Amino acid sequence: MSKATTADHHDLAADDALRASIHQAVLDVRARTPLAQSFTNFVTINLVANAQLAAGGTAAMSYLPDDVIDIAAMCGATYINVGTLLPFYKDALGEITAALHRAGHRWVLDPVAAGLGATRTAILEAMRDVPPSLVRANASEIIALDALWGLSDGSDVGGGPAGVESTDDVDAALGAAKRVARHLRAGNPDGLGAVAVSGEVDLVTDGERVFRLPGGDMMMTKITGAGCALGGVAATYLCVAEPLVAALAASLLFDRAGERAAAGSHGPGSFQTEFLDALWAIDADAVSTSTILEANR
Ligand SMILES: Nc1ncnc2c1ncn2[C@@H]1O[C@H](COP(=O)(O)OP(=O)(O)OP(=O)(O)O)[C@@H](O)[C@H]1O
Ligand SMILES: Cc1ncsc1CCO
Ligand SMILES: [Mg+2]
């Protein structure tokens, strides 16, 4: 870890209630095969669906507002990713997110390339007052979302969008992640919300507690859509668990699966195949006994 050191943190105790909730979420997904639907980019749509299935859930992808709104009534959570925008998305996403909010339906936002382009900015700005339960993004995207939702105090200045890849370290997004998480909690009827910032060390927060999750493998950045798949699997866990638990469970599953896949592969192609197998193979014990470093308060 860079700025924050392990001296500022403690590993969660083996009997911490959060570990039990994470363990239960992994088991519940495998027992119940919950449906989380997605409105997602067409680069990584197949990996998102396959990752959700490998984690134990099921998938349905749609772009049609009436379809998405009807499916929301019969599924546990929805994943929305703004990676590859088409002209009709602006109206469609406005209609969908307003309807999800009215229904109190939980959803995950992946603000891919936040800060890039007037259309994406308008789409993300409109989500401010009908917010998701969980935002899953890289550091640059969280810093940009914090700014475009007007939450920023100006102290976090990100490197700016460089397409879909992060130019910032997760620690640079700490303030932004906490502000965004508090905004989600204030804007959701259940008062719950969390932010998962991915990177070499993942950062997860509900706006009060801050967790750092070391692990994973750099090969995860050499396939497209590891982050998108993480958002999709977070929606799968959101079907059975509260946002903070869903964010932690999905991030930890991905870290453990990334390590296992790296050990069994010899390049990006075989890594992607091994990664899906690893999502399937990692069990609830491996996820819930992972290192979970909580920032001391
Ligand atoms: N350098 C790294 N070392 C280890 N794990 C990493 C590293 N970078 C990212 N990861 C892991 O890869 C996964 C995806 O995170 P990443 O930050 O690459 O998302 P992203 O930029 O949104 O990706 P994409 O847009 O391609 O979907 C997370 O599980 C994260 O922990
Ligand atoms: C490469 C790419 N372009 C738009 S979305 C996407 C997938 C990673 O976010
Ligand atoms: Mg991404």
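Cβ coordinates come from backbone N, Cα and C, glycine included.
If you check TrEMBL, you get these features:
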BINDING   Met61, Gly225  substrate binding site
BINDING   Arg136, Ser198  ATP binding site
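Features as recorded by TrEMBL, highlighted on the structure.
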residue	record	DSSP class
Met61	substrate binding site	strand
Arg136	ATP binding site	strand
Ser198	ATP binding site	strand
Gly225	substrate binding site	coil
(message) Tell me which of the binding-site residues Met61, Arg136, Ser198, Gly225 sits in the most Cβ-dense spot, judged by other Cβ atoms within 10 Å.
(response) Arg136
(message) Measuring Cα to Cα, how far is Arg136 (ATP binding site) from Gly225 (substrate binding site) in Å?
(response) 13
(message) I need the CA-to-CA distance for Met61 (substrate binding site) versus Ser198 (ATP binding site), whole Å please.
(response) 23
(request) Enumerate in sequence order the binding-site residues Met61, Arg136, Ser198, Gly225 whose Cβ-atom distance to ligand 1 is under 6 angstroms. (result) Ser198, Gly225
